[in-house]
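Features as listed in Swiss-Prot:
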DISULFID  Cys104-Cys181  disulfide bond
CARBOHYD  Asn14  N-linked glycosylation site
CARBOHYD  Asn176  N-linked glycosylation site
TOPO_DOM  1-36  topological domain 'Extracellular'
TOPO_DOM  58-64  topological domain 'Cytoplasmic'
TOPO_DOM  86-105  topological domain 'Extracellular'
TOPO_DOM  127-147  topological domain 'Cytoplasmic'
TOPO_DOM  169-195  topological domain 'Extracellular'
TOPO_DOM  217-232  topological domain 'Cytoplasmic'
TOPO_DOM  254-280  topological domain 'Extracellular'
TOPO_DOM  302-339  topological domain 'Cytoplasmic'
TRANSMEM  37-57  transmembrane segment
TRANSMEM  65-85  transmembrane segment
TRANSMEM  106-126  transmembrane segment
TRANSMEM  148-168  transmembrane segment
TRANSMEM  196-216  transmembrane segment
TRANSMEM  233-253  transmembrane segment
TRANSMEM  281-301  transmembrane segment
Amino acid sequence: MDGLETALPSLTDNASLAYSEQCGQETPLENMLFACFYLLDFILAFVGNALALWLFIWDHKSGTPANVFLMHLAVADLSCVLVLPTRLVYHFSGNHWPFGEIPCRLTGFLFYLNMYASIYFLTCISADRFLAIVHPVKSLKLRRPLYAHLACAFLWIVVAVAMAPLLVSPQTVQTNHTVVCLQLYREKASHHALASLAVAFTFPFITTVTCYLLIIRSLRQGPRIEKHLKNKAVRMIAMVLAIFLICFVPYHIHRSVYVLHYRGGGTSCSAQRALALGNRITSCLTSLNGALDPVMYFFVAEKFRHALCNLLCSKRLTGPPPSFEGKTNESSLSARSEL
């Protein structure tokens, strides 16, 4: 993960950074566009995840592993959203970081902590769906809310420890009378980052894709599974994979290219500018995850959609709310954990 690749910048690094900053400097138009994007993203993600977290806590009696993972995902998204205003100020200030060293470290720490926590919670949701649909009987003892909470606590600790170097190493550099926070698009480019990327992203991404491929195979071979459960599973697969492909895959692919070529001796100024712009755009896409997850909750989770409609419409919907416990046929044993 990016925290593992952070090191103390040397004088040579600062000289290289100054040159790179001149090549990769944002234009006034780019600053305006990025600021508008982060403002809209902040509003949508904050409202969506705050509402989602409130609904998940309010509906805690459901007591399912899926709800536990979704609740922690909402916490991660909400925490990540809270650092977006610093990026707003950065772009409105013309690429200047006015907050100092400690806030820069905290911004980078919280951004990467919650981004990778979100990735792993999405992977946990995929694994839970796999167990519920493919092994509904065998997984009943394993899929308990307590175990889900323990898994989430373990993931929070592991990711926090991996990101901890961001809190203890200098992250600001002054170039041309402008203070630069290295955690805003200028992360240290190190070849050690490639191994970090493989551990932090490749493993959960492959796990998620594998789980959903096995789910699809099980759905195609399981004619007794009710049609609406099949449709719900397909929607879940499509939404989670879309979030991965839109928010995380572009960033990590570009990050690999960025690590290999940015600030390299043979990299031209125009190439550095293209890499820097790509880094900013893909970083924007990662923050979009906070706005897309509530959309996933709405289209995939019936109880979330029902509660949200009740809240917004101020009236009860006709018909009974979706039940996690109301299925009786063999194929619906996984209904206890339905979203």
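Note that Cβ sites are derived from N, Cα and C of the backbone, with glycine treated the same way.
The DSSP secondary structure for Cys104 (disulfide bond) is helix. Using a Cβ-Cβ cut-off under 8 Å and counting only residues 6 or more beyond its ends in the same chain, the topological domain 'Extracellular' (86-105) has close neighbours at 25-26, 28, 31-32, 34-35, 38-39, 42, 166-172, 178-184, 287. Cβ neighbour count for Cys104 (disulfide bond): 23 (other Cβ atoms within 10 Å of its Cβ, all protein chains included). Only pairs six or more apart in sequence are counted, and the transmembrane segment (37-57) with the transmembrane segment (148-168) gives fewer than three Cβ pairs under 8 Å, not enough to call it a contact. Listed by sequence, the residues of this chain that lie at least six past the ends of the transmembrane segment (281-301) yet keep a Cβ under 8 A from its Cβ atoms are 34, 37-38, 41, 44-46, 48-49, 51-52, 70, 73-74, 77-78, 80-81, 84, 87, 115, 118, 185, 232, 235-236, 239-240, 242-243, 246-248, 250-251, 254-255, 308, 339.
In the shown protein chains, 25 other C-beta atoms lie within 10 A of the C-beta of Cys181 (disulfide bond). Sorting the topological domain 'Cytoplasmic' (127-147) by DSSP state (H, G, I as helix; E, B as strand; all else coil) yields 11 helix, 0 strand, 10 coil.
Within 10 Å of the Cβ of Asn176 (N-linked glycosylation site) there are 9 other Cβ atoms, across all protein chains. The secondary structure of Asn176 (N-linked glycosylation site), as reduced to three states from DSSP, is coil rather than helix or strand.
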